[in-house]
């Protein structure tokens, strides 16, 4: 049993809020980098980023107000420490709103990449389920303010956290499957796709993992341990979408020119805005790199009129341009591939001779 009443609920809240405020600082930095780097992005995307920052700010302020009210103003009031206020109830509501917004944004990306409405519908349904569950949980907290009675509405918490976790897993799985499916066999482009896959897995699984731990501890631990994972959850979602948006700048310069000589890059199509917020690899089949030589040979044929008073003036000029392509399919490991174009060799063949 805890020696102090605040250890039961407010202690885990304080630990979770510490992670929350650190992630909030990272979020501010990411938003600053975004607005300074991607000034040509569409207006709706800038509004989305600004709205997420505003929601994060409101969430951080309300959490701070509740902790200050509990641990400073009412630090010796046992009855007060055992109850949740309307300020505390804003946390599940804001977390659900932020998570739902981020997941709908990634659902839009899935739609752009796969054009599969069935998958998009599953993601949207799971996201809306989590959103509704979070809002219902916030309402239940207001109706049942005692921490010990939170188990009475565990169905809404399951609906909230399980819906968010399922949506994250579907988004991550679909994006990874689609990107791996469109690998081309070229080193430079495949390395870029691998980087996108790693980022997708990291940002998608960390939110799913945190939501899962929150749900498990809520169902198995009668104390407030689950709040350690619940308080940072909103910031994890906003940082995941900002990390995805800001990484576009690094992808543009991720492949040095020295690597481009070793392989032919696939086409990365950007969709959604001018700078590209969604990457779709081209569906070209894998091609084994080979050495290509292009030799251009040009022949010029001239006919002279023997009856003309000016024999040196050509009557007709006919040019025949014939390119020849030589392909050497042999490739030595580690050898730099290149495409060399030799300058055209021109030869003149004269038919007939002037009569003196």
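Note: Cβ is positioned from N, Cα and C throughout, glycine not excepted.
As annotated by TrEMBL, compositional bias 'Polar residues' applies to 344-356.
Note: the domain 'DUF6534' (165-248) comprises 71 helix, 0 strand, 13 coil (DSSP; helix = H, G, I, strand = E, B). TrEMBL lists 165-248 with the feature domain 'DUF6534'.
Annotated region 'Disordered' per TrEMBL: 329-356, in sequence order.
Residues annotated as transmembrane segment in TrEMBL: 14-35 (among others).
The feature transmembrane segment is assigned by TrEMBL to 47-68 (among others).
Here TrEMBL flags 80-105 (among others) as transmembrane segment. Nonlocal intrachain contacts for the transmembrane segment (80-105), taken as residues 6+ away from its ends with a CB within less than 8 angstroms of a stretch CB, comprise 5-6, 8-10, 48, 51-52, 55-56, 58-59, 62-63, 65-66, 69-70, 74, 123-124, 126-128, 130-131, 133-135, 137-139, 141-142, 145-148, 160, 164, 167-168, 171, 207, 230-231, 233-234, 237-238, 240-241.
Residues annotated as transmembrane segment in TrEMBL: 117-137 (among others).
Within the chain carrying the transmembrane segment (157-179), a Cβ under 8 angstroms from the stretch's Cβ atoms is held by residues 92, 96, 99, 103, 106-107, 109-110, 113-114, 119, 122-123, 126-134, 136-137, 150, 193, 196-197, 200-201, 204-205, 207-208, 211-212, 214-215, 218-219, 281, all 6 or more beyond its ends. The transmembrane segment annotation in TrEMBL covers 157-179 (among others).
As annotated by TrEMBL, transmembrane segment applies to 199-219 (among others). Within the chain carrying the transmembrane segment (199-219), a Cβ under 8 angstroms from the stretch's Cβ atoms is held by residues 99, 150, 154, 157-158, 161-162, 164-165, 168-169, 171-172, 175-176, 179, 225-226, 228-230, 232-233, 236-237, 239-241, 243-244, 247, all 6 or more beyond its ends.
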Worksheet item: Against which stretches of its own chain does the transmembrane segment (14-35) lie, if we need a Cβ under 8 Å and a gap of at least six residues from its ends?
Response: 46, 49-50, 52-53, 56-57, 59-60, 63-64, 67, 71, 227-232, 234-236, 238-239, 242-243, 245-246
